[in-house]
Ligand SMILES: O=c1ccn([C@H]2C[C@H](O)[C@@H](CO)O2)c(=O)[nH]1
Ligand SMILES: [Zn+2]
């Protein structure tokens, strides 16, 4: 699976976005180690704070199905620069992906930016911080 093929999966997922409030559809795709692809779109709510980003939809779908071996991530939206994942999604990516996992960000004009989970969220709070706590 090429990076561009994973972006294509994210674009298809974007078509399923439920975005009556922002009118800003986003698609995400995760490549798993066995070659399977899990996709996600953003899903909004009349109670705005409940809106769920495409990236988190994809990760929560995968994890809830017992699929955690994420090899590559792609995200696309109709932005001038390749779409920039929000802070909440960066934290969730850091929880379930290795720091070096490639993240391919794109837009509809074909611009691509390849980064990693660590580059998106350096100095991430993690399980190790909890394990190192002096409490308990
Ligand atoms: O990387 C991003 C950035 C934003 N959104 C969603 C959240 C909301 O539904 C809409 C506008 O912020 O876009 C995503 O899904 N992913
Ligand atoms: Zn987000």
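The chain as shown is numbered from 1 upward.
Even glycines carry a Cβ here, placed using N, Cα and C.
The shown structure was predicted, so the numbers you read here are calculated from the model rather than taken from an experiment.
When 51, 53 are compared with the Zn(2+) site residues 86, 89 in TrEMBL, the one appearing in that site is 53.
Here the recorded positions are 44, 55, and the one ringed by the most other CB atoms within 10 angstroms is 55. For the binding-site residues given as 46, 86, the lowest number of other CB atoms within 10 Å of the residue's CB is seen at 46.
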